[in-house]
Amino acid sequence: MAIENCLQLSTSASVGTVAVKSHVHHLQPSSKVNVPTFRGLKRSFPALSSSVSSSSPRQFRYSSVVCKASEAVKEVQDVNDSSWKEFVLESEVPVMVDFWAPWCGPCKLIAPVIDELAKEYSGKIAVYKLNTDEAPGIATQYNIRSIPTVLFFKNGERKESIIGAVPKSTLTDSIEKYLSP
């Protein structure tokens, strides 16, 4: 997911998408349009044909390639009764699930920590949150008696539970345990 996001062009770098569409009427049917190529975080422009460079030189000058990998996980995704099996039990990577409720003060305290961990371990683990008010069946199935509770799953199997608003290091230690084969 992060790799796909890293290769997308921002709206200011719409040379290959919107900008090309708006200038298609200037090109001959046999003309080639060269768009920026991805080379890390630097932009690189292949040689432009004379028809493209003469029709819109400024368009290429102000465009830029933007890596959106840091935005791949903006927030932890919700999981519910209908998505639980697919996202948690059938996941090919370890899963961390935060059981929470909107009225829970300690849940609000740990939420930013869960968000940070989701960003730090993006692509290595899947991180979800489950609102116990909206999915009480799953909370009951896994004996969730206090919130926040964080459960860890690997290969669809429950491995560990951590109860309460714990320090980030406690969760990090648990994540690291399940990353090794």
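The first residue you see is number 1, and the count goes up from there.
In case you wondered, yes, glycine gets a Cβ from its N, Cα and C as well.
Sequence annotations record features per position, and here Swiss-Prot assigns transit peptide to 1-67 based on experimental evidence.
Under the heading domain 'Thioredoxin', Swiss-Prot lists 68-180, citing sequence analysis as support.
Other C-beta atoms found within 10 angstroms of the C-beta of Asp98 (site 'Deprotonates C-terminal active site Cys') number 26, with every protein chain shown included. The site 'Deprotonates C-terminal active site Cys' annotation in Swiss-Prot covers Asp98.
What Swiss-Prot records for Cys104-Cys107 is disulfide bond. Long-range Cβ neighbours of Cys107 (disulfide bond) (same chain, at least 6 residues apart, Cβ-Cβ under 8 Å): Asp98, Trp100, Ala101, Ile147, Pro148, Ala165.
Mapped onto three states, the DSSP output places Cys104 (disulfide bond) in coil. Same-chain residues at least 6 positions away in sequence with a Cβ under 8 Å from that of Cys104 (disulfide bond) are, in sequence order, Ile147, Pro148. The active site, nucleophile feature in Swiss-Prot is assigned to Cys104 (among others).
Around the Cβ of Gly105 (site 'Contributes to redox potential value'), a 10 Å sphere holds 8 further Cβ atoms from the protein chains shown. The annotation site 'Contributes to redox potential value' is assigned in Swiss-Prot to Gly105 (among others).
Its Cβ taken as reference, Pro106 (site 'Contributes to redox potential value') is surrounded by 15 other Cβ atoms within 10 Å in the chains shown. Taken from Swiss-Prot, the feature site 'Contributes to redox potential value' covers Pro106 (among others).
Feature annotation from Swiss-Prot assigns active site, nucleophile to Cys107 (among others).
Counting residues per DSSP class in helix, strand and coil order gives 43 helix, 29 strand, 41 coil for the domain 'Thioredoxin' (68-180).
Note on the domain 'Thioredoxin' (68-180): its mean pLDDT in the predicted model is 93.
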